[in-house]
Amino acid sequence: MSGAVTKSAHDFDPLDEALRPPINETEEDRVIRQAQEAEARRVSQAIDDSIRAEKQAQKKKGIVRLLLLGQSESGKSTTLRHFQKLYTPTAFHEERILWRSVIQLNIVRSVRTILDALSDIRLPTLDSGGEDSDDSGTNLPQELEMLQMRLTPLRHIEALLIAKLIPPSEDEVASVIGSSAISAYHSHRSRSSERSWRAQEVFVRPGATWKGALAKSTRTRPVSLGNTGMQTRDEAQEVIHSCSYDIMALWNDRLVREVLRRRKIRLEESSGFFLNDLDRVTALNYTPNDDDVLRARLKTVGVSEYRCEMEAVAGRESGTEWRIVDVGGSRSQRATWVPFFDDVDAIIFLAPISSFDQVLAEDRSVNRLEDSVLLWKAVCSNKLLANVDLVLFLNKCDILDAKLTSGIRLSKYVRSYGDRPNDMETASKYFRSKFSAIHREYSPLPRKFYGFCTTVTDTTTTAGILASVRDMVVRRHLKQSRLL
């Protein structure tokens, strides 16, 4: 055979073929093509230079990027609200009234959860000692059936509040609950349709859109409240106020508590729980306080970026601008995390350690604590984050303390805990050491471990922790930018 080299199919490069000059290219065409390629390279280089210049300008200005990571319901949105409360208090206070509708929805949803639990089963007798079954037990007592009937107006209020948060004209409606579920809710046509409604959680897109829609849709009227003067109240607050006694009776009923216990429904451990504050939050002149806003539950999907100007640090004349990004924590949204790893200064990772006996809502075969551990390993080992400060919040310590105090054994769910004392101090030290070991073992480069046991709904302690995190992140950012 001759010395010619033949190319196999594996050697074929479609990109090389596409960029190859035309076979019959004339000299004139070649000059034009080369000029166009040179112009394209110039534009590309200009874009790259512009991006680099913008990043450098941001560093000089003192822009700090903070990313909030963690599974769904780990406390990311609450942490973001804490930053807003601490560093833009005027705007935070002005928006408190808008959160009243969210808190109203939280209350109504809690009631619906209880009523659903009662309607889906036959109530067991308290002395049976066994689990619920369809062919044993007793029907609901007449008092509870009457409560169910008197609480029926809350159905309308739930629909009203959802319409306020998510206007029918928006695309989110279809993605939240589906048009068929909405129709089923309004008409109450079938039991199966109502269940399809119950299974969905209301969520909004991040940003100011839902707040603007809520402000426009809320219709209030002035009323006289005696010595308190003129106040405003809305239809939802009026109905919830009129149902407040029945809601209290439902929540405090002994049989209801037993059903919730047997079905492992723990409303008091969830965000957006206000059934222990009904006297206050159902008052006609109720206005949410700071703690109420922090405790309110409103699920967001997508990415939310919040910007605020911090106070001056280390003698600088101007404050540091922070850009805090909250990304979705459900499994389907975690693919969106990686693009935000570029050029981030610090990450706050929230791991709800109270969830050691719970499973993921999107995959009931996965333990929530185990999922947090796997996420933490992935974040620590990611090479894009090798030089990024990682701050760990072992969150929901108040709920963990309540569980351990009630007698729930941590070692039953976490075998490696062994025969250690079943108390909060020992458990928190155990979790901190485990997460610290993962941080040390999986980090591509050595870096300091910052770990805190937190209850982000606790205003006082969280404010101090966030202040420490702020100082640490800002000083490291300024040092890297050669401004300190």
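Glycine is no exception: its Cβ is also placed from the backbone N, Cα and C atoms.
Remember, TrEMBL labels are computer predictions, not curated facts.
Under the heading region 'Disordered', TrEMBL lists 1-25.
Summarising the annotation, TrEMBL assigns compositional bias 'Basic and acidic residues' to 8-19.
Annotation source TrEMBL lists GTP binding site at Leu294, Arg295, Ala296, Arg297, Leu298, Lys299, Thr300, Asn395, Lys396, Cys397, Asp398. Take the CB of Leu294 (GTP binding site) and look out to 10 A: across all protein chains shown you find 23 other CB atoms.
Summarising the annotation, TrEMBL assigns Mg(2+) binding site to Thr300.
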Most crowded position, judged by CB atoms within 10 A, among Ala296, Leu298 as binding-site residues: Ala296
Thr300 (GTP binding site) CB neighbourhood, other CB atoms within 10 A: 18
Extent of the GTP binding site in Å [max Cα distance among Leu294, Arg295, Ala296, Arg297, Leu298, Lys299, Thr300, Asn395, Lys396, Cys397, Asp398]: 24
Lys396 (GTP binding site): tally of other CB atoms within 10 A of its CB: 26
